[in-house]
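Annotated features in TrEMBL:
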| type | residues | note |
| --- | --- | --- |
| TRANSMEM | 12-29 | transmembrane segment |
| TRANSMEM | 35-53 | transmembrane segment |
| TRANSMEM | 74-99 | transmembrane segment |
| TRANSMEM | 105-123 | transmembrane segment |
| TRANSMEM | 144-162 | transmembrane segment |
| TRANSMEM | 168-189 | transmembrane segment |
| TRANSMEM | 210-229 | transmembrane segment |
| TRANSMEM | 249-268 | transmembrane segment |
| TRANSMEM | 289-306 | transmembrane segment |
| TRANSMEM | 318-334 | transmembrane segment |
| TRANSMEM | 346-369 | transmembrane segment |
| TRANSMEM | 375-394 | transmembrane segment |
Amino acid sequence: MKIILQVLSFNTLSKGLTALITILLIRYIPSDEYAQYIFILSIISIVTQGLLSGINRIYLLNIEQKLVIHNEKYLASSFFGFQIIVVLTIALLGIPLYIMFNMGYYYLLIMFGVLSIGFIEYSKTIYQKKLMFMKLSIIEISRNILFLVGIVIVIFLVSINLNAFYILLLQIAAFFLVGLFALKGLIHFEGIFRLKEVWKIIREVIKGKHKYILIYFFILAFFAQLDVFMLKKLSTDFQLASYGSSFRYYSLLLLALGSVHTVIIPMIQKANSLNEIRNIYIKQIRLSFLFVPLVMLIILLSYWFIPIIDSGKYPEAPLIFTILAISSIISFVLSPHSNLLQRFEYYDFLPISVSVAFCINILLNSFFIPAYGGVGAAAATLISYAVQNSLIFYKSLRIQ
């Protein structure tokens, strides 16, 4: 529990910086530009969460035992080479979309955004596997500090009218600098081009059960951004901006869940018995008794602080946040059990659970968004995530 609280405290500081960034963006850019920024970030998130996060998770699951690669740096380098190949492949496959939708410079921003986040997340994953959570947290804080400094300089010193393009450019530059610095010393850069080792990883992933991890994260990435895309299609930019504003506050609550996952994943992989694993989850349950009343208090206060932060621009934001906050409670209690399924290699069940939730989300959003806008999208998110987490929890009970 002490380690989880340590990670949570640093993540809270990092997200506090994110909150400052969010406040500045909401106050100093028009709603349509903020909506455009959210939309582009959603596309970047789909690629990074859908493919690169899956590769990072496979790296955490002790795949080196099957690959017989015992040099830690060469293993890390080969996995990074795997990621580079994936990003380049996506860039090539995306060229028809670039032409079809006339995406212009935003296409390059998306690709560089994927690479910059990939650098950051992979360096964090390496430290996570080493159980070096302090360094992991420092990377997270550093990238947000650099991004915040860039925004402050642009707004108050350079006096440029902020739009989605400039924000994304600042974010990518900050993430690239921190990511490159973080990876230095963790990998052999020449090892990235050891194609024989990279191919060995790709072949093992395709032939073995680990491919289900990639499928799971790919579907999960679309699932996580589905509400944004459906709001973009079925509602107005104002509703999307309102939902995006509330989602930023909701993401602060997910800090606790992210901290639990960050610590539990490598610890479960290193556990030698079911008793050790049970002790890990007992500590997580204890944290739940602290998390639930805290979230309820934040929900009550949100009807006061959200209108102050966004200057009343988004009247529905407190209600949207309330619904999403309830979803965070369910996720905090149930979702960590997905790590148990991964520990015992029930990889194939994970894409099944998220596919069911994905279909439910599409169905509900199709009815809820035209009628209720951002509030409807939040309700669909709550119900579909509850279904997914319940399926995972039920399956994990059969293991314990």
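Keep in mind that glycine also has a Cβ here, set from the backbone N, Cα and C atoms.
Keep in mind that TrEMBL annotations are predicted by a computer and have not been checked by a curator.
Worth saying up front: this structure is predicted, and the values here are computed from it rather than measured.
Counting Cβ pairs under 8 Å that are 6 or more residues apart, the transmembrane segment (346-369) and the transmembrane segment (105-123) reach fewer than 3 and are not in contact. Across 74-99, 105-123, 210-229, 289-306, 318-334, the stretch most heavily in contact with the transmembrane segment (168-189), judged by Cβ pairs under 8 Å, is 105-123. Among residues of the same chain six or more beyond the transmembrane segment (210-229), those with a C-beta under 8 A of the stretch's C-beta atoms are 38-39, 42-43, 45-51, 53-55, 57-58, 61, 63, 204, 240, 243-244, 342, 347-348, 350-351, 354-355, 357-358, 361-362, 365, 377-378, 380-381, 384.
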